[in-house]
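Peer 1: Take this structure first; my questions come after.
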Amino acid sequence: MTTEFKGQTIPPMHTGGQGAVTGQRFLDRLRQNPPTLYIDGQRVADPTTHPSTRNMCQSLAGLYDLQFQEDLKETLTYEDGGKRYARSFMVPRTKDDLRLIAESHRIRANYGLGFLGRAPDYMNANVMAAGAGAEYFNGCSAAVPGDPKRDFAANMRRYYEYVQGNDLCLTHALTNPQVNRSKMASELPDPYIALGIVEETDEGVIVRGARMMATLPIADEILIFPSTVLKENADKSRYAMGFGIPTNTPGLSFQCREPIDVGRDPEDHPLSSRFDEQDAFVIFDDVLVPWERIFLLYDVELANKAYAGTDAVLHMAYQVVNLKIAKTEAFLGTAQSIVNAIGSGGFQHVQAKIAEIIIMLEIMKALEVAAREQAEPNDYGVMTPARAPLDAARNYYPANHARLPELLQLLGASGIIMMPSKADREGPLGPQIAKYLQTGNANADERLRLFRLAWDMSMSSFAGRQELYERYFFGDPVRMHSALYEVYDSSEAVARIGEFLQRK
Ligand SMILES: Cc1cc2nc3c(=O)[nH]c(=O)nc-3n(C[C@H](O)[C@H](O)[C@H](O)COP(=O)(O)OP(=O)(O)OC[C@H]3O[C@@H](n4cnc5c(N)ncnc54)[C@H](O)[C@@H]3O)c2cc1C
């Protein structure tokens with residue numbers, strides 16, 4: 001049903017889409033329904049042409065196009081009912097399905113050398129697990145199974161079919177604005193600083209407030225998945241909700257951070273000019289969420305457990321492990337290329353530094369295999385990667401990632417700063433640059449491209465944002481360590497020590 005609100009129309013969810021889409025289809029969609037983005041005080045009329053977002057749009061389009069590449073389409077898509085869908089929407093039933101999903105995550109991750117944190121398959125994994133476990137949402141105290149509005153399980157299932165069938169690109173936002181972390185959301189000067197439910201209408205539910213961070217706001221939809229943000233005592237049910245709406249819904253705005261893509265040539269800024277996925281502050285100025293798009297209301301306990309209860313967190317973490325393997329491989333490839341270029345591979349400490357990257361890579365690869373091999377079907381029949389190795393990976397990587405750019409700096413030294421640009425190489429000093437900045441195995445042009453990549457991985461503003469992203473994107477590391485401590489079963493280890501101490 002089409003819904004009218006604030007003089008605009010909210011279209012119904014069409015579930016019978018064509019399946020996997022091309023990059024062109026993705027761009028056309030963005031052009032027709034641009035997300036409400038604000039950059040430098042201006043509304044972005046068309047993200048596909050705006051100087052700060054057009055390159056990222058092209059990169060996303062390239063990612064969608066991979067699905068149609070002859071040698072990749074069998075891995076990146078799957079067939080169901082005569083249509084092909086992105087592999088990340090496939091509900092895994094066997095360990096072999098998980099292996100195929102991992103392969104597709106890896107191919108897609110390699111496209112951005114692992115530097116695209118929120119490529120669409122991340123949220124696809126979220127929606128897939130929630131759709132397969134949709135029954136979870138009818139456990140909500142406000143759900144009415146069979147009701148056209150409040151059958152939250154049916155709504156969740158349909159939302160999955162809608163996102164899968166149209167191959168939509170999603171962003172998401174979990175955390176409340178950083179106003180005062182010592183207070184509960186309901187104790188802040190305005191109870192609607194944190195996103196909260198205002199009222200119900202015949203058409204849906206009005207929500208008001210803000211969420212702190214949504215990476216990749218250049219998306220078709222935003223998913224507000226219920227999450228563990230409700231460690232409160234008073235009046236918290238208004239903050240418990242789950243829904244998904246288009247990024248151009250009336251009243252919804254995305255305030256983007258300062259762009260990192262400053263329009264430089266990809267030869268000079270190889271990552272920043274392609275993969276500035278953007279991060280935005282999300283404002284809900286009395287937004288109507290149509291009933292068919294609501295998955296949960298008022299139920300704090302169910303909201304707090306939704307990620308674990310549907311196992312969405314594990315499928316997302318599985319995408320992340322594969323992504324981080326690709327990223328670590330990119331660091332290894334770049335570091336070894338630098339060593340080869342400047343002939344430093346014979347020095348022992350240089351070998352040790354490369355070995356550090358190899359160890360990190362092999363730890364992540366081993367954790368991926370362990371998660372897959374120990375996978376088991378969950379309550380909804382979804383083959384679910386094992387939690388312990390994934391928890392280990394998502395605690396280990398944020399704690400160690402910063403060493404990767406540091407190693408590039410240590411291996412590249414002045415080479416990572418003395419990098420005349422493409423224009424310099426074509427300027428009056430071009431011949432001298434070519435002479436003095438060649439290496440044993442590469443001319444100056446090749447060398448400078450390599451070192452500029454290393455700079456964008458380790459020193460540029462793009463690299464700085466990556467460092468913060470790696471520290472926090474899956475949550476606060478302090479609280480993630482606590483969560484691991486809480487859930488990990490150490491009883492056998494404790495018992496063994498007890499037995500040993502009893503030994504005569
Ligand atoms: C680049 C980037 C991209 C991101 N993208 C997304 C996204 O796409 N979607 C999304 O939902 N989120 C995203 N996030 C947000 C991420 O989930 C949060 O950064 C993370 O959960 C931490 O929350 P916070 O930033 O509000 O920090 P805060 O919770 O404000 O923490 C700040 C500091 O206070 C400490 N602290 C605060 N409260 C406590 C507490 N109760 N106990 C112990 N210590 C505490 C923290 O340890 C930390 O040192 C992104 C973050 C970054 C940096």
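Counting begins at 1 with the first residue displayed.
Each residue, glycine too, has its Cβ placed from N, Cα and C.
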Peer 1: T215, T439: which one does TrEMBL list with H172, A173, L174, Q178, V179, N180, R181, D476, P477, V478, R479 for the FAD site?
Peer 2: T215
Peer 1: Among 1-20, 81-100, 241-260, indicate the range for which TrEMBL gives the feature region 'Disordered'.
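Peer 2: The range carrying the region 'Disordered' annotation in TrEMBL is 1-20.
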Peer 1: Of the binding-site residues R118, A119, D121, Y122, S227, which one has its Cα closest to the Cα of V478 (FAD binding site)?
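Peer 2: Smallest Cα separation from V478 (FAD binding site) among R118, A119, D121, Y122, S227: S227.
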Peer 1: From P120, D121, Y122, L174, which binding-site residues have a C-beta atom under 6 Å away from some atom of ligand 1?
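Peer 2: From P120, D121, Y122, L174, counting a Cβ under 6 Å from ligand 1 as near, the near ones are L174.
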Peer 1: Report, as numbers and ranges, every residue of the chain located at least six residues beyond the region 'Disordered' (1-20) whose Cβ falls under 8 Å of a Cβ in that stretch; write 'none' if there are none.
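Peer 2: Contacts with the region 'Disordered' (1-20): 64, 67-68, 76-77, 83-86, 158-159, 161-162, 164-167, 203-204, 245-246, 249-251, 288, 290, 292-293.
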Peer 1: Please name which of the binding-site residues listed here, V179, R181, D476, is nearest in space to H172 (substrate binding site), Cα against Cα.
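Peer 2: For H172 (substrate binding site), the spatially nearest of the binding-site residues is D476.
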Peer 1: Where R118 (substrate binding site) and L174 (FAD binding site) are concerned, what is their Cα separation in Å, rounded?
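Peer 2: With the alpha carbons as reference points, the distance is 14 Å.
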Peer 1: Out of R181, D476, which of the binding-site residues has the smallest number of neighbouring Cβ atoms within 10 Å?
Peer 2: R181
